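Q: Structure provided below as structure tokens; questions to follow.
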Amino acid sequence: MDRVTWRTQVLSNHINQSSMSSPLSPNPCVGFSPPELSEPFEFDTTEMRKLLDAHNLEDRDWLFGLMKQSKLFNPREAGGRVFVSPDYNQSMEQQREMTMKRIAYLLDRGVFEGWLTEKGVEAELRKLALHEVIGIYDHSLAVKLGVHFFLWGGAIQFFGTKRHHDKWLRDTENYTIKGCFAMSELGHGSNVRGIETVTTYDSNTGEFVINTPCESAQKYWIGGAANHATHTIVFSQLNISGKNQGVHAFIAQIRDANGNICPNIRIADCGHKIGLNGVDNGRIWFDNVRIPRENLLNSVADVSLDGQYLSAIKDPDQRFAAFLAPLTSGRVTIAVGAIYSSQISLAIAIRYSLTRRAFSVTPKGPEVLLLDYPSHQQRLLPLLAKTYAMSFAANHLKMIYVKRTPELSKTIHVVSSAFKATLTWHNMRTLQECREACGGQGLKTENRIGPLKGEYDVQSTFEGDNNVLMQQVSKALLAEYIAAQKRSKPFKALGLEHMNKPCPVIPSQLTSSTLQSSQFQMDAFCLRERDLLNRFAMEVSERQKQGESKEYSVILSYQLAQDLGRAFSDRTILQTLLDAEAGVPSGSLKNVLAMLRSMYALICLEEDPAFLRFGYLSTDNVAAVRKEVSRLCGELRPHALALVSSFGIPDAFLSPIAFNWIDANSWSSVRH
């Protein structure tokens, strides 16, 4: 019976019930069936998790367990399970108080042991792993700790010398001192070089004097300043004998041990925010605050007792670059945290889509699982593949950071800038898509995805505005290009070695096997990056010939700069995924990684207009790519549950709709 005839008969029976031989029988109620019963795993999820988390799995699981044990982490029962997540219905003041109570709990249990006092790669990786787990629970808690350990503590480690390390690091690790990081100002955020706070040296007393000369110089968005911090790193212009020596970093006390604000310092609250209300962001004014000469962090430059400025780095630009080093650790943790946020939202949305049904495709047929709709697959599975690719990219970034050498500083700066922008943009897009994919349930605070949008939105702008960071990436690539041209030597940095090879050629006809070839995928990415770099260099050069400065020429060429930054980031991410795939022996795990790699590469080809705009792909080839993406969605569909299970996020850190959402919304749950 066709659908029109069937619907006509149903309506007729409703209208004329006397003609029915028996009363209408109700449809059976919608039931919940765990997806594990019908979604077999075809690869080892434990091994996949080892690849994704990469290090310190036992430490991670230990900390997950610690948080589940305490009522401080807001456990609540729903659908027969216990979930832990912050209570975002609390007031700003309550959220801040809970953040500090959770820090005290973790401190008492040794979570922060060695975070500043132990050295070496293993110690750094343990710290990063535990910080990532904390972020999975609550971004506010992770940010509060990040400011204290990575920014305040990191500044003392990187900018300070032995006298600072001995005096401050252990007390910071024990939370005897609560630190913050005063760089941003009301009038200057990304443009750190332009900050207006001024510090002068008084040779009569051997003290520095810090001053906020105007309202735009007030320190702004300083995490920890509003309520809790006792000390801060102050970034300020240093004026010695009337000469500005540029931006330097100082230690200043802003509260005493009892929490009273110190003399000549004014502090105000930044107020309620769209997220991160567990962090007490504040504003600081310095009214001729005097600090000891020893409080200048002097690894880069120093001032003698009689007021002589001393630095082994004579170039002011190089000196300034040295002062931005702590921001690298911030970008690393932000990029990694963004990917764990994406993992949470995808795990919730995909698990929900494997149990929630909507509409039937045949009369009286069963309703269809959301993830069995090709349109739903297209919404979530490419984002899942991107999240996998970016997880490997984040691991790569962490490893080059913890194994850093002076020779790697440029690479770390460029890669961390590119990944911070790309991964945080991806996270916000993923959160929005997952929120919509969960329908009305995605609006409920208890289901986590909605609040995560507000919590993570800030990542696009703090520790460097993403658009500015992408332009920095392109400027670094341009510098490599110009240097190679001047020296007439091959490229040998930032992964640009492919520029030394012949230009890749894209086949005129793209078959499915070609599209899934790693060689084709890398060729397409390298072709785009090579051409965009050439175009960018040419456009900047032409503008300079017309009389514009180099800096302004780069600014005017912002469109190509953004395209080039994206091309560099995509190609670097693809390489990290290829490296991960190459390290896995033949078998089901490697096969799934190959599928994810193809999906990542092809969705990048489909989504970036540059491939069509500059003719790297023909319209027919773009159509072939789109068709292959759809086909890959169908191939990845049977692995969806296994792929999100491989994230290794404990059930308690997901949400009720990831499991038995019917029981979680039952009348008995209301009464309970």
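Including glycine, each Cβ sits where the backbone N, Cα and C put it.
Pulled from TrEMBL, these are the listed features:
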DOMAIN    180-289  domain 'Acyl-CoA oxidase/dehydrogenase middle'
BINDING   Gly223  FAD binding site
DOMAIN    327-478  domain 'Acyl-CoA oxidase C-alpha1'
ACT_SITE  Glu463  active site, proton acceptor
DOMAIN    521-654  domain 'Acyl-CoA oxidase C-terminal'
Q: Sorted by position, what residues of the same chain at least six away from Glu463 (active site, proton acceptor) have a C-beta under 8 A from it?
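A: For Glu463 (active site, proton acceptor), the qualifying residues are Leu327, Gly330, Arg331, Ile334, Lys420.
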Q: For the domain 'Acyl-CoA oxidase C-alpha1' (327-478), what's the mean pLDDT in this predicted model?
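A: Summing pLDDT over the domain 'Acyl-CoA oxidase C-alpha1' (327-478) and dividing by its length gives 95.
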Q: With DSSP, how much of the domain 'Acyl-CoA oxidase/dehydrogenase middle' (180-289) is helix, how much strand and how much coil, in residues?
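A: With helix first, then strand, then coil, the domain 'Acyl-CoA oxidase/dehydrogenase middle' (180-289) has 6 helix, 54 strand, 50 coil.
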Q: Mind giving me a neighbour count for the residue listed as 'FAD binding site'? Other Cβ atoms within 10 Å of its Cβ, every protein chain shown.
A: 26
